[in-house]
Structure formats: structure tokens, C-alpha cells
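First up is the structure itself, then whatever we jot down about it.
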Amino acid sequence: MYPIDVPSHASSPLRLRFLAWWFWGERAVCATWHKSGVPQSDLKPACVCVWAARTADATLVREGDRQPRLRGTRSRSAADSWTQGDTPCRMGGADVTPPVEWQGAARDVWWQEGVIVLVLFGAAVGAIIFAGLLLVWIMRQDEGSSEMKKIANDIRTASRTFLFCQYGWIGSLLVITAVIIWYVTSSLVIAASFLFGGCCSGISGIIALWSSVQANVRVTASAAKNNYDYALKIAFRAGVVGSMLIISLCLLGLVFMYSVLRLTGASVHGAPYMMAGFAFGGSFVALFAQLAGGIFTKGADIGADLVGKGEASLSEDDPRNPAVMVDLVGDNVGDCAGRGADLFESVAAENIGAMILGAAVARQVPGSPSSGVSYVLFPLVLHAAGLMCTVIGMWLVRAKRIDGIVDKPKFGEATILTADPEQTHKHLEDPMVPLRNAMGASFAVALIALWVCCALLLRLDAYPRAWLCFAACGTLGLFISQLFVMYAIFYTDYLFAPTRQVAQASASGAAITIIRGVSLGAESSIPCLISIGGGLLLSYLIGSFSGVPRYGGLFGTAMATVGLLMPSSMQLALDIYGPISDNAGGIAEMSSCSADVRAITDRLDSVGNTTKANTKGYAVGSAGLAAFLLFQAFRDSVNQNTTQRAFSSVNLANPMLFVSAMFGVCLVYAFSAYALRATVAAAEAVVKEIRRQFVESPGILEGTVPPDYSQCVKILVFYAIARGMVVPGLIAVLSPIVNGLLFRYIGTQLDKPLLGVQAAGALLLSGTTSGIVLALLFNNAGGAWDNAKKYIESGRLAEGGKNSEAHKAAVVGDLVGDAFKDVAGPSLHIVVKTLSTVTLVFAPLFLCPNA
């Protein structure tokens, strides 16, 4: 038999012939080799040997005896089981013979992989085309009066200015970090994937913001025409455009990375490990984008409310407030751009973690490893199906007017939120009703798609019940995703007791309001943590029942996480809906629209806080499940790089590992402290600027002189980017690296080769746990304070409505909650996943040289 030289680092003619295998299969490669002088009788066995090398994580090298030998094999079970055939192929130094029935298996494997990859590409491109058609429909809608257009254009201009400055800083940090990764890991692939993931994450933020700023004025214009249904459709469909483009971009990025790695020599099992840099790049950019956007928007919001409402008695979005424009801009850069990048990195990181565990499962399957491809790519298939679910759910969003009067509305009942009894005739359906219908339809379709995909792709002849168990784990993840949404609604919506109790506490003063809100936030973490823990335990047990050795239970947890993320596109659409409806109300107020117009925009905005709280609860829940998934990927990555002993556990009885775990908790609280401190500094600067303008230009409050909006924009760009985001962001990124290197050095001195990775694991576990708890407290306490204020403003509190003492106390709670729920809380979601991706990328660096 003729030798076949296919070095993974070379680009020789033989390499190009080998790459043709991926596209055209056995016949084309055999024809190419025949032209090179390989006898026809040796072609088919030669193809089988190439297939064996590729599926065994090996590379064929030329030997002096002209026999092919496999170098670097990690899995030989398939080739070692060959017992018949007539052509020897040397693997790991032993002659083995391929069976006749396996001679065409290589073609089946590559065709299966090719079909799945093409389907994923097609799904992503189809979603992009659908989003483009929706965008055309949105852009055809009327933009309203010239005054509305002017205000909307100012919002767009200021948003672009902020993003240009923000991504300039983030881009510089991204490039510097990529160079460091290349130098430290000596891997150009990981550094390039890091840059690629960071760029895709940044583009995701831009897409989300662009969708919002194009739709906000059109929602106002539809409200001005008294078209409530169209106003709701525009707001939600713009959210769908942003979410589908972002999830499609993530899917395309992952499939592209996988395809490039496979075409350049990576094995099915090895490619996911090399994609870890993509997840780290996404987390890196998302962290800084969310942090800077949150500081910007809440610095403006707090400053505008303290002076505008508290001192000058101006209404919400009053055009005389110099910070009102920057407040509207902040809704876009914080809630849209930041959250878009957040969910992008969530999907990317958790998919890569699931692909790594899928590869681990495939290595345990005896016989033909053709199922390995489907297990590795299965997480991406589910996300492609999730895009379809969003499309179906979107068509159910339509609103209507309701006849009759509802004095005491309950959850889902329809009436307008206003304290004015003269407007009780304007009964507009609660927007949450059609939005909830869309979520329900999306969930049902996702459930069906999950089981169909599992039945098609996860069947194993050796373990016939495996696909059923893994489908059950994915179903569990889907139900957990709905639980997180329900918890967020229960603890933050004033239709339920917890938020109403915060509103009632406001009658006793601001201090009681704050204490009650903090206690609510702490309480809200209990059911969420129980759901995360119960979901992980139950999915692990169900996965273990599949029969797959070693990794069955772990892949069950991966399936639960991927199932939880199937509705991510719908959740992101709901999140983008919130800032759009908020901006629409601001444009209506600033352009002096009638009370009827403001009534419609207020009705749309009434659920904006709830939809944003839903997404935050969903994001922190996914972070909790993903933390375990990524930790297992980190452990598996370490074991792939060590030759002496396996890394299987983190023993906190070891004093050094206990100290490392304490460092993880310190990291989370240090990050939160610096993020909140930066928000305070930005708000103080805005307060001083607003007071200065009111003193130097008294005509502003009289309405005869326009305020200078640009000064507040400049101030917040400086405080959010140059002074606010860098320090806490670097704390989150550098701390796990420094910790791992420190304990690696100690381990070298004490002859403990795995101490560095064990310390990194201890920091990861403690940082993840404390970060999730603190994020839940911040998110839900802030949301409860905000909606308690809205409850009082609706006139339903017996102790008073707007401008009452209870309202003033609720405003104080709301201002504290702004920094909690829009700066520290959402940023901690990303910190939790950044810790995982950092340790995953730098795992080999934490190993001692003798490991």
C-alpha cells in the first residue's frame, strides 16, 4: 500500500487532494490519487485509511517502510476493532485491517457532516433574509412629523457617537489581548478566533442598537395615527429583526469557524477546543459594551431624575431637561447594544461548551464514530431551530382595543395605566397578552423541534435509549427557561404581591423602601438557585440513564443548557422591544404630542420593564447552567493537555484552593463596587451640568431657551468609557489569569503539577456562584423599585399618586435600582461567563511544565 502524507501544518498538493475529500467524498479523492500514480487496486483501502486517521484525531505521516502510521492518536477503538479485510493499515504501530463494510463509511461520515453544515448555513442565511424583509416593512412605515424626525435623528447621531468612541477603546483592548493570547499560548488559531468572536460580538451590539433607533419614531408615528396595533407590531418586529440578525450572526460565526478548522486539518473532536477563543472574544467585548452602556444610560437617568424631577418638578422626558436626550440615547446603548452583545456571547460560549462535551461523548461510542459529527454539531442545529420558532411566534403579536371598563385589572386584563379618570374610556389591550401568546407558541414549536432533532441526530445503536434521555434533558432546559421568566415577572411586576409590598413600604419613607427592595432581591434568588441546582441534578441523572459511559450525565446537562437557550432569539426580541417603546414615549413627549398619543406609547412602555426583567432573569439563569457546562469543558480541556494525572475535582479542604475560592468571591464584589462607583461619578457629573445650565440660562425652565443636550452626551461618553469601564472590566479578565499563574508557580515549587488548574477551577466555581446570587439580587430589587414607582404613578396606591410623599420615596428607590438592574446586575451575567471562557482558553497555561 502506498504511503499517504497529510501533515496538518502543510499545504502541499496532497493536502489539497485531501481537502477535496470533505466536499466530494471517496470517489473524487480516489480519482485524484489515481492520477498521481496510485494503483486502482489500492484506492479504496487508501481512502479507508484516511478516514480512520481523520476520525481518530490523528495525522498520517510518511514512513521509511512505506506504511502509513498514525501519529498523535487519542481514540483507537474504531480501528482496533477491525477484524476482516485484506489490506493492512498500521495504527499506533500495530497492523489492523479494515472490514469491507467500512470501506464506504468514510464517505457517509463526510456527507453527513457536509449536509449538517449546509443546513446550518442555510438556516442562518434564511433567517437573515427574513429579517431583511421585516426591516423593509418597518422602513416603509411613516416617521411622523418633522419634529419627531428631528428628535429621532438626534438620538441616532448621539448613539452613533457613543458607539464610535466605545468600540474604539474596546477594539484597542481587543487587539492587545489577542497579541497577548498569541504570545502566551503560541496558538495563532486561538488568537484569530478571539478576534473574530470579538468582532462578531461588537457587530451584534450595533445591529441591536440600529434596529431600535430606526423603529422608535415609527412607533410614535403609528400612535399619532391612533393605530395601537401597528405601533405594537413595529416595536416588536424591530426587536425580532435585531434578535434574528444577532443569533444568525452567532450561528454563522460558529459554523464558519468549525468549517475552517476542519478544512485546515482539525478533527471532529478537536475543532471545538480550538473554538474557545471565539467564545472568549464574544465575552470580552460584551463585558465592556454592557458596562459602558449601563454607566452611560444610568448616569443620565439618575442625574435627570434627581434634578429634573426632584428639584425642578419636571415630568418624565420633559424636553426642558438637559439630560433627557442622553437618557433616551442611553436606553439604546445600554439595553439594546449591551444586551445584544450579552446574548451573543451567551449563545456562543454555551454552544462551544456543549460541542466539547458532544465530542467527549462521541469518543466513548464504540463502533463507527459517524455519530460523533451529529453530537458535536447538535447544539448548533437546535439554535437554528430556535430561529424558526421566533418567526412563528412573531405572527401572533397583534393588539386590540377592549370595550368596557376594568376598575381593578389583574394579570393579562386590559386597561390603560393612568391616574386620570377622564381617560378610562381608552381601553387598550395589555401588550403582555399578545407577547405572552408569542412566547407560548415559540415554546411549543421549540419543544416539537427539539424532539424531532434528537430523534434524527442523536440515535446510537449501542445505546438505543440515549436519544430519548437527551431529548428529555433538553425539554427540562426549555421548562427551566420559562421558570426563570415567571420568577422575574412575579418579583418585578406590580400585578403581583412582592412589588406592591415595596410600593406600600414607600408610604413609610425612602429608607423602608430600600430595605424592602433589598430583601425582595435576596428572596428572589432562592427559587432561581433551586431551579438551577435542580435542573443540573435532574439532567445529570437523566443523562446518566442513557447508558453512555463517563460523559452521558454531563452531556445531559449540556442538553439542558442548549434547550434553555433555544428561545434566546425570542427573549432578545422582547428585550429590544423595551427601549423602543420607551424611546417612542420620549419622542411623543418631546414633540408635544397629544394625550391620546402618549396614552398609546405609555401603554406599550408599561410592559417594557417587565420584558427587560424577563431577559435579565433568562440571562442569569442561562449563566448558571452554562457555568457548570463550561467548567466541565475546562476540565476536559485540561485532561487533553496533561500526561501524568487527570484533573477530576477541586478539593476545598486544601487551604490553597480555599484561598483561591475566596479570591473568586472578592473578584465579584470588587467588580460590582467599581461598576457602581463609576455610575455614581457619571451621575454626579450630570447633576452638576444640569444645575449649571438651569442657573446660567433661566429661560430653559421657562421654555424660551433650548437646553444644551450635547454637553451631557460629552460628559457621559468620557465617564462611561475612559473612566468607567476599563478598571472593572480588566478586574474580571485579568484576575483568573493572575490567580492561575500564581498557583502554578506555587505548584511548581511544591511539586504539585495540577495546582494551577485546580486553583483556577476553585476561583471559577466560587466566582460563578457568588456572581449569580448577586446578579439576581441586583436585577430583581432594581426591577421591583422601578415598577413600584410606576404602580404609585398609576394612582392605585391609597396613600397617594404622583408627587405624593410615597411617590418621592419610590423615586429614591428607583434611582438606587437603576444602578442595580442596569449596570451591576447585567454586567455580572457576563462576568460569570467571562471567567469560564478565560479559564478555558488559558487552561494549558496553568499547568506546570511537568504535568
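Even glycines carry a Cβ here, placed using N, Cα and C.
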Listed range which TrEMBL flags as transmembrane segment, given the options 11-29, 524-542, 562-580, 828-846: 524-542
Positions whose Cβ lies under 8 angstroms from the transmembrane segment (467-490), at least six residues beyond its ends: 382, 439, 443, 446-447, 450-451, 454-455, 458-460, 496, 498, 524, 527-528, 531-532, 535, 538-539, 542-543, 545-546, 552, 555-557, 559-567, 571, 610, 613-614, 616-618, 620-622, 625, 779-780, 783
Residues from the same chain, set at least six apart from the ends of the transmembrane segment (273-296), whose C-beta lies under 8 A from its own: 162, 166, 169-170, 173-174, 177-178, 181, 187, 189-202, 205, 250, 253-254, 257-258, 261, 266, 326, 329-330, 333-335, 337-339, 341-342, 344-345, 348-349, 352-353, 355-356, 633, 637, 640, 675, 678-679, 682, 716-717, 719-721, 724-725, 728-729, 732-733, 822-824, 826-827, 830-831, 833-834, 837-838, 840-841
The transmembrane segment (754-778) in contact with the transmembrane segment (617-634), cutoff 8 A, at least 3 CB pairs, sep 6+: yes
Contact ranking winner - 115-140, 373-397, 438-460, 617-634, 716-742 against the transmembrane segment (524-542), Cβ under 8 Å: 617-634
Best-contacting stretch, by C-beta pairs under 8 Å, relative to the transmembrane segment (234-261) and drawn from 373-397, 438-460, 617-634, 655-676, 716-742: 373-397
Residues from the same chain, set at least six apart from the ends of the transmembrane segment (716-742), whose C-beta lies under 8 A from its own: 161-162, 165-166, 169, 173, 177, 284, 287-288, 291-293, 295-296, 299-300, 326, 330, 660, 663, 667, 670-671, 674-675, 678-679, 681-682, 685-686, 756-757, 759-760, 763-764, 767, 827, 831, 834-835, 838-839, 842, 845-846
